[in-house]
Protein chains: 2
Amino acid sequence: MANGFVAAAPPLKDELDIVIPTIRNLDFLEMWRPFLQPYHLIIVQDGDPSKTINVPSGFDYELYNRNDINKILGPRASCISFKDSACRCFGYMVSKKKYIFTIDDDCFVANDPTGKAVNALEQHIKNLLCPSTPLFFNTLYDPFREGADFVRGYPFSLREGVPTAISHGLWLNIPDYDAPTQLVKPLERNTRYVDTVLTIPKGTLFPMCGMNLAFDRDLIGPAMYFGLMGDGQPIGRYDDMWAGWCCKVICDHLGLGIKTGLPYIFHSKASNPFVNLRKEYKGIFWQEDIIPFFQNLTLPKEATTVQECYIYLSKQVKEKLSKLDPYFDKLAEAMVTWIEAWDELNPQGASKANGKA
Amino acid sequence: MANGFVAAAPPLKDELDIVIPTIRNLDFLEMWRPFLQPYHLIIVQDGDPSKTINVPSGFDYELYNRNDINKILGPRASCISFKDSACRCFGYMVSKKKYIFTIDDDCFVANDPTGKAVNALEQHIKNLLCPSTPLFFNTLYDPFREGADFVRGYPFSLREGVPTAISHGLWLNIPDYDAPTQLVKPLERNTRYVDTVLTIPKGTLFPMCGMNLAFDRDLIGPAMYFGLMGDGQPIGRYDDMWAGWCCKVICDHLGLGIKTGLPYIFHSKASNPFVNLRKEYKGIFWQEDIIPFFQNLTLPKEATTVQECYIYLSKQVKEKLSKLDPYFDKLAEAMVTWIEAWDELNPQGASKANGKA
């Protein structure tokens, strides 16, 4: 691999939290025990706070329900979604660790083509600990993987890469399709294990899925806001997309990288496409304007921290997207509230979270 | 796969030529016989024209040596390199077919992970016949492959894609490294079969390797010029890189796509890294300026054909790169000569080669 990077990833046990949004007992963790039990879990309980969530024994965790969120954030709790997995971002905010791995409770351990169980977290850590290469495409993909390097014609001045802020993992079995595609292809399953990791090039947007995702809180945490979704909102299932688009433009601006590809998890359960269609349909229209908005956005040079970038972005959302729907006014305000809450809970983080590495 | 595209690729037997640059007998074709024998070969013989090149029996071919090139192009033959595999682009010019597949004579048939021989040409045809998606990244890679589609959050207005102009295939065994990397890692072999095809996003440059490459002559042919390399030139081994950078900015401008990934060939023989270093070392310096030049290049709206784009590009090369070295003056002139020769040999092509699909 390039630059003498080593393939073994340190486990980062004291530097990483696992964030799980849920409304049910976390039986799925049994399967993950060999890989995840050494880590601390932050469980964000959605829905009825009086319900008890069982966590398999032996896991070290803290759990927050809606009452806890309201108590901790006070009026600012309004920026945290209810009855939508977007609530998970509360976990990012209360964590005190450098790295976050977030996973859905219907994601099981995948097997690689040799039948070996995939340690998803280990691969995320590898992805986060070696650089990204957003400025030029490497045709052998991640040059920092074992057995790979930069190919002929790759400028040497770009081979140092940039710090990696986000590692986006994929899903075998049930693919992350929108409601229309689910309706048209109810039986499609993703069976192709693509053995690669690659950097999303600078200037290119991608659909970030929150199902199997890791990131560096210090580098990008304050931009990892999952928006206003679910209860009382006109839209759902765009929480991770929104975070991904915001994070991508901010990473591009601050010289940070985003990787996608390995690791895979096994996504067990397709959500109901009719329910999804109701949640998504406004997003399907809106994204036709949201994407050009992000594609044409230029962050000002003076914005040198994630927070500064995000506040600027919130103003642009208000100015440019609120004509689509009053929802974007509310969202823009919630983005500001989110940053205020983040900085309150992360007083050191507020200065540490300078994206310039 | 998306949009009802079908996975089976028509063989395009009357629409595709195979271009092979060589200085030796083409014994390597024996291995390719099941896949390539039905096609017409254009062999571009480099070096001593008095030498006889043996072609295995049963292959339909035409062969051009230096004397033939000089006779056909007259003074314009100066734009075709000598003693460098860059001479292959003469074959693109004399072809009358819509598609070209070009392959090096040290490339053998690869096996996929199940042990099955890879029909590289069939995969190239699939790549060329279905659209590219340069405007937004799809995390499940090529949405037009069987078992794949666009994921949630991919704007519906972009799902039609754009016509694919180039299919860039990869190499198992000997990777396409530059001389310094070859020297540092003489034993590295590429053993990772990455089962994917993806579109290089708009605005992102990549290192295009000419070893295993297919393209649509009608869409991009006149930009597939491999430059001045080898005999009498200060540089070698940048022929395909140069063509790739030119093609990428022109494809981006004209709304065409470039795919990379599958198919693999088995690259049998590492070239001598010391010889390569001598050929490459100026390029290693120059590419540090060439890459920003291409990254910052904007083609004018009025340039709506590949030829117009290419002529504009040649002027920019003269204006912006000739301060690097007088070589770029010569190269800029050769680029114009190339287009003149192309249009002379392809009088219909000159109008047909309008990149707007």
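Heads up, the Cβ atoms here are built off N, Cα and C, so glycines get one too.
As annotated by TrEMBL, site 'Required for activity' applies to B:R152 (among others). Around the Cβ of B:R152 (site 'Required for activity'), a 10 Å sphere holds 23 further Cβ atoms from the protein chains shown.
Sequence annotations record features per position, and here TrEMBL assigns N-linked glycosylation site to B:R152.
Feature annotation from TrEMBL assigns site 'Required for activity' to B:R159 (among others). Within the same chain, the residues at least 6 positions away from B:R159 (site 'Required for activity') whose Cβ sits under 8 Å from its Cβ are B:A2, B:N3, B:T133, B:P143, B:F150, listed in sequence order. Look at B:R159 (site 'Required for activity'): DSSP puts it in coil.
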